[in-house]
Amino acid sequence: MSTETKETRPETKPEDLGTHTTVDVPGEEPLGELIADDVNEVVSDASATETDFSLSPSQSEQNIEEDGQNSLDDQSPLTELQPLPLPPPLPVEARISESLGEEESSDLVTEQQSQNPNAAEPGPRARKRRRRKRFFTEINANPAFSRNRRTSVGKEVDSEALIAMSVGFPVYSLTEEEIEANVVSIIGGKDQANYIVVRNHIIALWRSNVSNWLTRDHALESIRAEHKTLVDTAYNFLLEHGYINFGLAPVIKEAKLRSFDGVEPPNVVVVGAGLAGLVAARQLLSMGFRVLVLEGRDRPGGRVKTRKMKGGDGVEAMADVGGSVLTGINGNPLGVLARQLGLPLHKVRDICPLYLPNGELADASVDSKIEASFNKLLDRVCKLRQSMIEENKSVDVPLGEALETFRLVYGVAEDQQERMLLDWHLANLEYANATLLGNLSMAYWDQDDPYEMGGDHCFIPGGNEIFVHALAENLPIFYGSTVESIRYGSNGVLVYTGNKEFHCDMALCTVPLGVLKKGSIEFYPELPHKKKEAIQRLGFGLLNKVAMLFPCNFWGEEIDTFGRLTEDPSTRGEFFLFYSYSSVSGGPLLVALVAGDAAERFETLSPTDSVKRVLQILRGIYHPKGIVVPDPVQALCSRWGQDKFSYGSYSYVAVGSSGDDYDILAESVGDGRVFFAGEATNRQYPATMHGAFLSGMREAANILRVARRRASSSALNPNQICIDKEEEVDEEEDRCLDQLFETPDLTFGNFSVLFTPNSDEPESMSLLRVRIQMEKPESGLWLYGLVTRKQAIELGEMDGDELRNEYLREKLGLVPVERKSLSQEGESMISSLKAARLNRQIFD
C-alpha cells in the first residue's frame, strides 16, 4: 500500500482556513509517493490559449494532441502475518458471523475504540499513533538506552536512537542487512548493544549536516578508543549501504570510494533510468564500478515526471504527472536530497472539504460520523483477520468483500449522503493501492503499514524532476535504448537492445513490475519459477490524472485538496480528489485523480471527453456559488496502463500474494549476475518514490558485496570484463574517441575539447585531448585529461600551446595521460559523451 495517508481525511476546521505553511526539512528528516509516469497531452492551439479553449467535437480534432507513449529497514513490524497451510475458505459472511461474539456492538458508529495496547491491529489513524508510542516503549525497555535516562548522555543516546529509527533501524536489534554483513560476532550480546549505540551515533552525526562528508575520524572523536573496531564496522556498513554520505551535495558527488584498489573495476549495466536506476548508478560509480545506464524513454525519471505547462498571458506551471506528493519526510532519503539542494517544501494542508453533486459542502457531522465508521470498518477487518489466523482459517479473501459484508452487518451508510461519503473513503483507499478493493488481499494489503515514514506530506516547488535531473547529471545514460533480452551465465551478462549488445559482469534490472508481468524482457535462462510466480501474484495497479492549467485560480488559495461526492457507487473514483498546486507550481494548476475502476475506464476515453467531464464536475461545484470556471489553457491526461514502459502505476498486494513476494522479486539470479530494484522489490516501502530510491541503494550494496566475493575467490579474471582480447578493446575505444572528437566544442593548437552534454555551467566537466607530436608529422600520441568548462575556455584564450601546457602543469596540477590511464571520472565522461552522441543520432 502506498504510504501516503489516503485512507483517512482530517476533519475540516474553520480556524484552519487561510493557513499556508512552507516547511524546510529538519535535521533528521527527509520524503516520497509513487504514482505514474508518462502522459497524453490536451493542448489548445496558440490562438485558443487565452480564454476560448473550446471542447466542441469539431474543434477537438484541431486543437488536441496526445503525447506519444514514451516512457516511470528494517524496523520490525508490530504483527507479521505468515501464510499458513489452511483448509478451504468459508464464505466471508460465515466467517464474519463466526467472528462476532455476543459482546460485539451492532452500532458501529457509536462504539468506543479500544485503548488496550494488546487489542487487535487498529485502523490507519490509530495504527500510526500506536506505532509512534511503541517506539518510546522499545527505548525505555532496552537497558542499553535506559541506563542513563536522567543524564545528558542518556538523553543524547535516546535522541540518536529515534533518528536511527526514522531511517528504518530497530532500536535494540539488528537489521537483516546487518546480520548478513556480520557486523557483530555474537547476536544479542554486549557487542551488539554497543554496536547499536555506535551505529545510531554515526547516523545522527551525519544527519545533523547532510551536506558534509562524515569522515571515520570525525565519527571516532566522541567515542572511546576501545570501541574503534565497532566504529570501523558501523561506519563501513552505513557508508556502503547508503545510509550516510549519500546524495547530491557537491562534496559527496565528488567523493570516490576505493573499492577496487589494484584490480580492474567490474562493469555494470543498469536497465532503466527511473529513481532506482539513477540512485544505483550514481552509488555504483562512487564505489568505483564502470557503469552504463540503458533507458527506453527519451528522458530520465521513469514514473516520476514533471511537465511544463503554459498558456496565454505568460501563464505557466510545472505539473507532476507521475510521482507527486512527498509522503512522510521523517527519515526519508528524498528529504536529504531536498536539504542538500536547498529546496523548500510546502506542507500539504490537512483541510479537504468534500462537495455534494449540487456544489454544497457535505454536512460536517455526517462527514465525521462516516469517517469514524470507515475507520472502524477497517478495524473490524483487522480483528476478523487476526481471529481467523488464530483459528487456522483461510484469510485469502478480497478486502472489498469483507468491508462490504461488515457494512451490511452493521448497517453503515444507509442514507444517500452517508453512502456517498463512504464511497469517497473507499475510492481514497483504492487510490492508495492503485486498484479496486476487490483485488486487494484482506490478509496482507497493509503489510507495509508498520514501516510508514512519519512527518508531513509535502509538495516540492518546481516539481520532482528537480531530483531526477540532479541524480541523472553526468551519468552515462543511453536514451531510446529499449532492452529486449538479458542473457546471463557464469562468465557475465549480455544485454540486448535491438541490434546492439552490451557485455557486462553484472546487470541491474529496475523496470516496473508491469513490464515484468508483460514479459517485455526475455531472460535466458528463464527466471526461476519462484520469481516468475511472485511476478504474477503481486498486483500492479492503475492511477490516472488530469492536470489542468487555468488562466486564474478560481478555487481559492486556502486549500491544497478538495473532494467531490457522487451518487453512483460505480463512478466513486472518477475525479474524486483534486490537488491544488498553485502554491508550488508557479501558476494556477489543478490536478484531478482517477482511481479504482474509473481509472481503467478513463483510458478508453479521449482526452477531450475526459477534460469536458472534469469541467462539468467543477462547474457543478462552483457555479452555484457564483464562481465562473474558465476553460483550461492547457491540460494533460495520463495513460499509465497503455504506457509500454510501465503498463500501470504502482504495485499492491493482490489476493493470493503477500509481502514475501516483494522479497522474492528483490532476489538476484544467476549466482549474483542479474539484480533487481524498484518500488515493487521493496517490502517495507512499496509504491513510493522513497521505496524506489532505497531499493537502488540496497542493490548497489549487494552488487558491491558480490563483486568483492568474486574478486577474492578469483572466480573471474578482473582484467577480462567485456571482451576476451584487450587489444580489441583498446582499438575500439580509440575509434570511438576519434569519432567523438571529429566535431569538438573547442579546438586550439594541438588541443581539442568536448563539453558536458546539455550543460553550460562554468564548473561542468570537459574532456580535453592533446596531441603530442612525434618525429614524423603524420604520427603522434593522444593524451587526455579533465578540466572545467571555464578552464577550457581560458586555455583557448591563451597565446600558444607552450603557455597552455604550463597552465595545465602549474595552475591546475594536471598532467594529461594516455586513454587507458584515464580516471574513473574520465571514463564516465566518455560514456556520457557517447550516450549524448547516440541520442542525437536517434532523435535528430
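Note: Cβ is positioned from N, Cα and C throughout, glycine not excepted.
The annotation in Swiss-Prot ties E295, R297, E679 to FAD, and of the candidates under consideration, R303, R673, the one tied to the same site is R303. DSSP classifies E679 (FAD binding site) as helix under the three-state reduction. In terms of DSSP secondary structure, the domain 'SWIRM' (154-255) contains 63 helix, 0 strand, 39 coil.
Across the domain 'SWIRM' (154-255), the model assigns an average pLDDT of 92. A coil conformation is recorded for E295 (FAD binding site) in the three-state DSSP classification, outside any helix or strand. Using a 10 Å Cβ-Cβ cutoff, R303 (FAD binding site) registers 29 neighbours. Counting neighbouring Cβ atoms within 10 Å of each of the binding-site residues (E295, E679), the lowest count belongs to E295. In the three-state DSSP reading, R303 (FAD binding site) counts as coil.
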